Ligand SMILES: Nc1ncnc2c1ncn2[C@@H]1O[C@H](COP(=O)(O)OP(=O)(O)O)[C@@H](O)[C@H]1O
Ligand SMILES: [Mg+2]
């Protein structure tokens, strides 16, 4: 069974059909790329998966269970984590605290436990800190732990979003243009990180404009154009697909 | 640079503790009022400072606590201090009921609704709602608090009750700030979408922020009722909410020392300039405007939290 199944998803904004009857599946353990020209509806698909938007039609199944009506934080708790295309960190808080936000849904201490400093609260806090540091190390930004998030370079802010997402212990991670604003060197490091995420047993779905990254990192691609799913297959198949070349890849060769 | 804040805080505490032995009753009472405002400011700080919710109706929760104490004490003669947790509870439960439908409102909309809340509360009290609030005359004859048979009645007695409670509040709220709960409030203040997307139930935390703030304001109301022995709706008007709002904004949103300083400046300083009574609000307004332009974070903005260094040997290969 696929980890994620999108079934005939449709999302309209007024008269605009941003996502038009899109269906595809993400197999367990895969790295899948979602590509397409600007405005094709890729980010909207992500926002539907994470519950930021509600679909007008269709359903979303995660591990066979419909998540269409769940609030975002519950979807995260089920094991879906995301990053944002337009970086959305907690800019005035430290890098470490940003990652601790991801640990939140795997911990429990509330206001009373905090005021009383109960033993379980202390243990939990120490464990969350260790985990946050480990995720910073995993993404290679542990040296910045005490810095304010907004002071990081663009590329490192993207990595911080990945670290925060991983801290929620997802089984499925969706990355919205993770290489946006990165230089070649940073992009190469990112590809390695994405592969290591998969080695941890986490399934990856990513949106990306950088064709090199997509072709190198993904084993399966889904192509959107004007909200519709126009092609699907391996990178080699997609590169050879007439319609895709016309709609998307062709543009680059002009 | 050397950090001499601990020295400053210690000196402040010593001075404050000695104050009632040197000041006359009038000035001790001023300090008592400052203490009450500090407690209220700290409770509003949870909502406004940490969660970033523009709540300008805090006096309503203060009133609920004070009236709970006044009504139960004058009707059933239950000792006032026993009523402190009950006053907190009543304010907290009412906050839960009131906040639930309004917490999804943003910024200025929430501001307007909470202003409405404090006005509705005041008007309900004036109109002698349920026939138990005594209308615009309020309730009198509230008994003095007693601790182990000792009757608290003079200002210097109240000084230790009020500032003792303020100290407990600082202790507990400091812990609250430096916890998963405190961080969650900050996440939702900084970026609600990102917080929700990181797995934080933002609606829940907004609600709990309101409840914690209201419980504390309710308990402060209990002390106020005991101190005054008479309470009336006019003590809980809109202006009172504005003062609390200013204390948090001026002192520093999310900063405990900032809020306490704010309470001294806004509730204490005007007493020093009594003779300029007519000009003091003008000066005040000018200072507030200058602050909002030149020091938007308040006089003493919060310091970054500190965390223990990671255990060595940790690193690669999170799983
Ligand atoms: N919240 C929204 N309100 C109105 N229109 C939107 C909204 N979000 C996206 N759109 C529109 O939907 C279309 C798809 O957008 P998006 O999913 O961001 O595309 P992509 O990520 O593929 O570049 C665009 O035309 C965009 O303007
Ligand atoms: Mg997009």
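Any Cβ shown, glycine's included, is placed from N, Cα and C.
Just so you know, TrEMBL annotations are computer predictions that nobody has curated.
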Given the ranges B:180-202, B:272-294, which one is assigned the annotation transmembrane segment in TrEMBL? B:272-294
Sequence-remote partners of the transmembrane segment (B:109-130) [C-beta within less than 8 Å, at least six residues beyond its ends]: 53-60, 63-64, 67, 98, 102-103, 136, 138, 233-234, 236-238, 240-241
Take a look at B:80-103, B:158-176, B:207-230 and tell me which one has the most Cβ pairs under 8 Å to the transmembrane segment (B:242-266). B:158-176
One stretch in B:7-28, B:34-54, B:80-103, B:207-230 has more Cβ pairs under 8 Å to the transmembrane segment (B:158-176) than the rest, namely B:34-54
